[in-house]
């Protein structure tokens, strides 16, 4: 019978199992990243580490007769120093030169090639510092103390350099994995969709014609471009259309049969369909995207790959949304008309205006149409291009963001009229505190400096708009730069009536005007998303009254219409998502800082 007291120390307590698994996962993830880095960008180099000196204690009589041994403990012929001290100083000097060169390259232009050069210099500096730390300095004396202090400095610099190397590894890992995964997702889509729509003419919808020295147009490539363009118009929630991705592929690849990789998978919204009325707006918006794609090839100081990643991930080119589709929020609509629409329609009236570059913050309760408003303003102004940045985007990663912000700013400077919307801006520009992580502080500083440095030509207006539902957590410096602060309140009674009427339009408005008015009074403190959820739940009321046999045999036109009682029953299920304390906090903030107080 084994003794349990002996086996008990080998068991891991239950409260430490989670920490142990997290530690194990982080270790495996780091090993994977290092292996991927070495396979993609590493070079097989062999560093010669100087051998350790052999130290022997000699007697006084033997030491007096022993000849000096060059390279170990004897004096060097050049400067009269022992070989160990001389080698420590030499490695420190070479490491300093490599690290200085790496910092110069790293802090320069943010292209992928320059980052690879910086990594090479960092590796050489690390090798020199590691070689210098292997040299033992055990004797006594002033020069030996200086050598030991040099080794302490090299040890601290080695740790900082390795941290920066880890950041660069993460940057390359994110970019490479995103490109590889996206390329794998895009391999079979054009071929499958081309078989379904092979009978449709491609000339009518071929709006993306990439240009470049390496582009060779072919019939199959043109058909695939046409098909993906139609798909992008049928899905309005996409952050970037597939046609813009394909036009990028023509300028960056010599094989036209393979499409360019997308930056990230897009969300599909099945509620909105492309109609004939939105077709001219879509073609105008698509022509704007194609025009900006052509300008990328003339960028100087920016890696075209990074510019394409930025435009593919955050450039919005989906179907147009107009102000008539949005109920209420008249103050926000008026402000956007003055800032975006009117300057684009009548630029001669705004020429030379010193307030061409404006920043806004839109405090909104959860469920408001905070992103639909700027998208509608760019749809009304056909010359505007809409950039949408959210906390889900890889561009706002704490490590990658500072690498992309300068390219994003330079990219916007060549576009005609650019509108940047930063969703959940409080997650990026929250108030700076003591003990904050260095990456987060660097990201905030980069954004704030970019805000100050955005200087647009009178013909090229740039507008940065931030949306948040926690405006009280914004940093004071960011709030100062956002000079117009527009509060989007919850829909009032009249707005709720319009929203309910629009939601019931597909069901031929089964409720009377008096019932809609009564329902609008009963849904006080409901947001737009709450009303949408309420209408969806009420639409299930007629189906809930049917049994399983009736559901299988009854025709769709035999199901009864939605009644007012269905909404009353759904009010017990769908409750308001915004509490009174939150609404009071928004009102207090708007009273102090809002532009429409």
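Note that Cβ sites are derived from N, Cα and C of the backbone, with glycine treated the same way.
The range from 6-30, 31-55, 56-80 that Swiss-Prot describes as region 'Disordered' is residues 56-80. For the domain 'MIT' (91-168), the DSSP-based tally of helix, strand and coil residues reads 65 helix, 0 strand, 13 coil. Across all of the topological domain 'Cytoplasmic' (1-20), the predicted model scores a mean pLDDT of 56.
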